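Read through the structure below, which is laid out as structure tokens, and then see the notes.
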């Protein structure tokens with residue numbers, strides 16, 4: 001018969017979940033704000049959620065396109081808007097996750113824990129959907145060898161969100177065993 005696990009393991013698991021959430025937030029801030037949503041940023045090609053610049057052979061410069069030209073190139077306005085909504089909405093929902101996580105840990109509140117899991121699950125779906133939709137429209141200009149740091153940061157954030165959801169699905173069973181509410185903080 002196995003005895004109860006030491007409290008430090010539960011606290012270490014919780015702290016690792018909080019650290020992963022903070023890393024996901026930092027990766028998404030880097031990709032979407034610092035890199036301005038650019039997934040490919042090369043001297044002859046810049047493609048992102050707000051930039052669509054292709055190399056012009058005639059003038060030998062980078063020419064940025066706006067919406068009437070983008071629709072002619074095959075990038076629909078509604079599709080790009082939905083991709084932006086998904087990716088940037090994912091960042092917003094991820095920003096709301098740490099508070100319910102902390103409240104759930106301090107108060108042993110399973111509803112707050114489920115709320116945080118919900119925020120992260122919807123965030124993961126929005127990020128995957130927005131990134132997938134965007135890539136489906138720009139795939140003819142972007143190749144696997146061309147992704148920039150913004151794309152790698154968003155891909156890493158998506159992988160970490162999935163890892164977080166798996167870890168959080170296992171964690172609530174351990175969180176309920178706290179001896180008292182005051183000791184769990």
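Positions of Cβ are set from backbone N, Cα and C atoms, glycine also.
Taken from Swiss-Prot, the feature N-linked glycosylation site covers 38, and the record attributes it to sequence analysis. Residue 38 (N-linked glycosylation site) has a Cβ environment of 22 other Cβ atoms inside 10 Å.
Swiss-Prot lists 1-11 (among others) with the feature topological domain 'Cytoplasmic'.
Swiss-Prot lists 33-77 (among others) with the feature topological domain 'Extracellular'. Summarising model confidence by region, the topological domain 'Extracellular' (33-77) averages a pLDDT of 83.
Residues annotated as topological domain 'Cytoplasmic' in Swiss-Prot: 99-114 (among others).
With DSSP states grouped into helix (H, G, I), strand (E, B) and coil, the topological domain 'Extracellular' (136-150) comes out at 5 helix, 0 strand, 10 coil. Swiss-Prot lists 136-150 (among others) with the feature topological domain 'Extracellular', giving sequence analysis as the kind of evidence.
Per Swiss-Prot, the feature topological domain 'Cytoplasmic' maps to 172-185 (among others); the stated evidence is sequence analysis.
Listed as Cβ neighbours of the transmembrane segment (12-32) (distance under 8 Å, sequence separation of 6 or more from its ends, same chain) are residues 49, 87-88, 90-91, 94-95, 97-98, 101-102, 105, 120, 127, 149-151, 153-154, 156-157, 160-161, 163-164, 167-168, 171, 174-175. For 12-32 (among others), the entry in Swiss-Prot reads transmembrane segment.
For 78-98 (among others), the entry in Swiss-Prot reads transmembrane segment.
Residues annotated as transmembrane segment in Swiss-Prot: 115-135 (among others).
Long-range contacts of the transmembrane segment (151-171) within its own chain (CB-CB distance under 8 A, at least 6 residues past either end) are made by residues 13-14, 16-17, 20-21, 23-24, 27-28, 30-32, 35, 39-40, 87, 94, 113, 116-117, 120-121, 123-124, 127-128, 131. Summarising the annotation, Swiss-Prot assigns transmembrane segment to 151-171 (among others) and lists sequence analysis as the type of evidence.
In the three-state DSSP reading, residue 38 (N-linked glycosylation site) counts as strand.
Sequence-remote contacts of a segment are chain residues at least 6 beyond its ends whose Cβ falls under 8 Å from one of its Cβ atoms, and for the topological domain 'Extracellular' (33-77) they are 83-84, 87-88, 134-135, 137-138, 140-142, 146-151, 153-154.
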